[in-house]
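The structure that follows is given in the form of structure tokens.
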Amino acid sequence: MAVSSVRLFNNLYPSRASLIAYSTLHSGFPNSLGYNSFRVKGGLVSSISGSSRVRASVKGKGERTEDYPLAGDSTDNKKVAESWPRSLQRDFAGTPYVPVYVMLPLGVIDRNCELVDPEGLTNQLRILKSVNVDGVMIDCWWGIVEAHAPQTYNWSGYRRLFQIVRDLGLKLQVVMSFHECGGNVGDDVNIPLPQWVREIGDSNPDIYFTDREGRSNTECLTWGIDKERVLRGRTAVEVYFDYMRNFRVEFDDFFVSGVIAEIEVGMGPCGELRYPSYPVKHGWKYPGIGEFQCYDKYLMKRLKKAAEIRGHTFWGRAPDNSGSYNSAPHETGFFRDGGDYDSYYGRFFLNWYSQILVDHGDRVLALANLAFEGTCIAAKLSGIHWWYKTASHAAELTSGFYNPAHRDGYAPIAAMLKKHGVALNFTCVELRTLNQHEGFPEAMADPEGLVWQVLNAAWDVSIPVASENALPCYDREGYNKILENAKPRNDPDGRHLSAFTYLRLNPALIERRNFVEFERFVKGMHGEAILDLPLN
């Protein structure tokens, strides 16, 4: 019998005291990927044959890969196994194969586009491979690759990383990251936008999203310049396209060989298709409703034009009674029950604001399909679940999701993704509504209700749905929640997630007790029998 892969890390890293695995289910604060939510109503419309191909390429004919020893002490197997709650009641053996990817650390490539600690990373990837993880996700940062001059690209560190991943028989999900890293919860490195872009922004701050106080947010470019030639003669979408096309040419061998399994296209802050409505840098704290982000001169010009076309020029303004970042809906004239959000003007403004988001996604994804023809493409949506139990859904409205109680704000986005054949990536599969209520009852949050709605919007147009956890997850309760959401029980159409990406590779994940649970989780996602795994 093969030695259990949970003995993986002893020979690679020094022993550490056992980490106390903590449940994120009682945490109420968002991480750098946005504070999102997830609950599957009925699985995913995905190609099982496609998933099988991923599995075959990773596992060959199903043989177990080489085992590596884990860090930790020699605690008695039975005692450790019994220390975990035996809450898993469902047998996932024989269920559809859902590929599992793991996000790599944010700083794995430094600002000079060099791979940091290749030997250490290789060891960690071997550990992941030993439990049959399908692949890894990596951000390709615009601020690193095109840092110093327009259309001058440096991919050197990424090529070395991709070679290591390929040599280990793993797959790649690659994120086209057109936003900055740093300033959000969970960001442990600082990667700003390219220097030449920031120089333009110094003289023209309207290239960034701007709030009512006139504060620019340098995390990403405003969608108002999608078609404005303000970036050294190029529009924003032309800059994104040139970057994606150069990546496709540079890494042609990885596309042809199938190592690059998916491209996720960043379309806003944290790589998500949303407005930067709740920036920590501007003082936002959970569960504030956030603020509208349309005060740059380019978006304001478009708003005024839309009002003129509608025949009401005085509507060419953003709401003046929508509160501030940390307001609650009932404290504002716009978002309170019966507030202006549902007035003639309010409906006009919210329609315009949300359509700007859809139009941006439409433009960028059309060009992404040109650059990556024949490759799976995904777009990430954030789960703004706080204030979901109120009529206005204020936090969603400021983020660009026109989703009050009487309207489905996600159907237009799903239809746009369907138009381009793009998969939806939605985060926070580990959160429970009850836990959110216990931690922040005033937030009126409902992550499970939100996810039910979003996934139904995707299923209605038959697009694949993948997911991520938004907060660190090491415990069985959280993993069980993910498994149940990934493969809904008794769904008549057998729908399930197309893939799951774990946030994120770090030393805590590879702690002995945590990695036991992670291996168990991977087996469940792969449709294998889940047994209580021995520690050695």
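Easy rule for this one: first residue shown is 1, then count along the chain.
Positions of Cβ are set from backbone N, Cα and C atoms, glycine also.
Reproduced below are the annotations present in TrEMBL:
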ACT_SITE  GLU272  active site, proton donor
ACT_SITE  GLU468  active site, proton acceptor
BINDING   ASP139, HIS179, ASP187, LYS380, HIS385, THR427, ASN469, ALA470, ARG504  substrate binding site
Tell me the Cβ contacts of ARG504 (substrate binding site) under 8 Å, same chain only and six or more apart in sequence, or just say none.
VAL102, MET103, LEU104, PRO105, LEU106, PRO472
Can you tell me how many other Cβ atoms are located within 10 Å of the Cβ belonging to HIS385 (substrate binding site)?
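Cβ-Cβ neighbours of HIS385 (substrate binding site) within 10 Å number 31.
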Report, in whole Å, the straight Cα-to-Cα distance of GLU272 (active site, proton donor) from ASP139 (substrate binding site).
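Pair distance, Cα basis, whole Å: 13 Å.
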At the Cα level, what's the spacing in Å between ASN469 (substrate binding site) and the residue listed as 'active site, proton donor', rounded?
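Spelling it out, the Cα of ASN469 (substrate binding site) and the Cα of the residue listed as 'active site, proton donor' are 14 Å apart.
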What's the CA-CA gap between HIS385 (substrate binding site) and GLU272 (active site, proton donor) in angstrom, rounded?
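HIS385 (substrate binding site) to GLU272 (active site, proton donor), Cα-Cα distance: 15 Å.
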